[in-house]
Amino acid sequence: MTRHPPEARDAPDPDVTVRPAAKERPQLREPSSEPQQPASATPGAPGKSRKRSLMFTLLPVTLIIGGYLYVTGGAVMSTDNAYVQADMVGLSTDVSGIVMEVLVHDNQGVAKGDVLFELDDLPFRLALDRAEAQIGNTRNDLAALQASYRNMLSQVAQARTDVDFNNVNFRRQQQLVANNFTPQATFDASRNTLQGSQQKLASLEQQLAGIAANLNGNPDAPIEDHPRYKDALAARNEAARQLAHTVVKAPFAGIVTNVPSLQPGQYLAAAATAFNIVSTDHVWVEASPKETELTYVKPGQRATIDVDTYPGQHWVGAVDSISPASASSFSLLPAENTSGNWVKVVQRIPMRIRVNNAPGRPPLRVGMSVELNVDTGHARGLPGFITELFGSSEGSNG
């Protein structure tokens, strides 16, 4: 059996003609009687069409609502740069002494007039007793002066009588000695007597004037009107005032704090702060909005107050006052804008919000953060370019 190599087996026969294979023609389909759908009609296309139509419908409505809100909005000025404030006083007294008793504890609520602490009152009671005794001494001295004045009046009257009598006797002796009816010695004696009585009268009158001066020039005035008596009475009242100030009372209703800084036995100097009291009745909100936010804010406008500590709770108040200067104007080192590196910074203007009483609400404490909304009643209106556009259109039509 003869085997042919692979090359001889696969070689083409030279006597056989090989034709190229014919290309396949695409088969044409017969036209169908059913209507053909457009290429875009794919599954889910109806949903997209509805969304598109809904979007085009809602867009004008949204623009109209947004435009209305913009035009009618802008009436509320809002700021979160606001904090609760209240009257806060450092309690002190104008007398010095040893603390005897502290009658309150830290963070205790007190009413106006409640006793807070007391100083040792013994030195002040002794001073009051001395002042009252001085009033009695002054009254007695003035009464003695009045009696001396009356006695001096009688002595002056008697001295005037003696002067008149001695004067008459002197004139008589003068006539007698001129006619040689009396000796010269008798005349000299009468003259000396007259001169002595005149000197005595002058001395008594000087004493009377001195007593009258000590009686404030009006010896018949009541003792209570005399300056010395008034001075003694004022000293007594001052001693009583200092004694009363050894008992320190609450100047207003509030809550005391930092009480442990004062202990019994401690020496408290006059005008030194013992502890503090924070008012619970006079509370307000201190806000510092930007200057660009105060365009339409005026005193008396209604304000809504939301305190961060109490979510959902609302307080109502009103604009009480607006500061005449920015907060930076009151700083110890105000900004100097004269250098070449000046940068404009929006200033903040302090304003005070009065808080209306709200019984049953949680307590407002100093320093609490607040969100403030002030109803200015001002509508924003149309933008300027729209107003100018309509104005120019009306002008061209006219």
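Residue numbering: from 1, along the chain as shown.
Cβ coordinates come from backbone N, Cα and C, glycine included.
Per TrEMBL, coiled coil is recorded for 128-162, 187-214. According to TrEMBL, the compositional bias 'Basic and acidic residues' annotation covers 1-12, 21-32. Sequence annotations record features per position, and here TrEMBL assigns domain 'Multidrug resistance protein MdtA-like barrel-sandwich hybrid' to 90-279. Annotation comment: TrEMBL describes 283-325 as domain 'CusB-like beta-barrel'. Residues or ranges marked as region 'Disordered' in TrEMBL: 1-49. According to TrEMBL, the transmembrane segment annotation covers 54-71.
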Per-state residue totals over the domain 'CusB-like beta-barrel' (283-325) - DSSP helix, strand, coil: 3 helix, 21 strand, 19 coil
The domain 'Multidrug resistance protein MdtA-like barrel-sandwich hybrid' (90-279) [mean pLDDT, rounded to integer]: 94
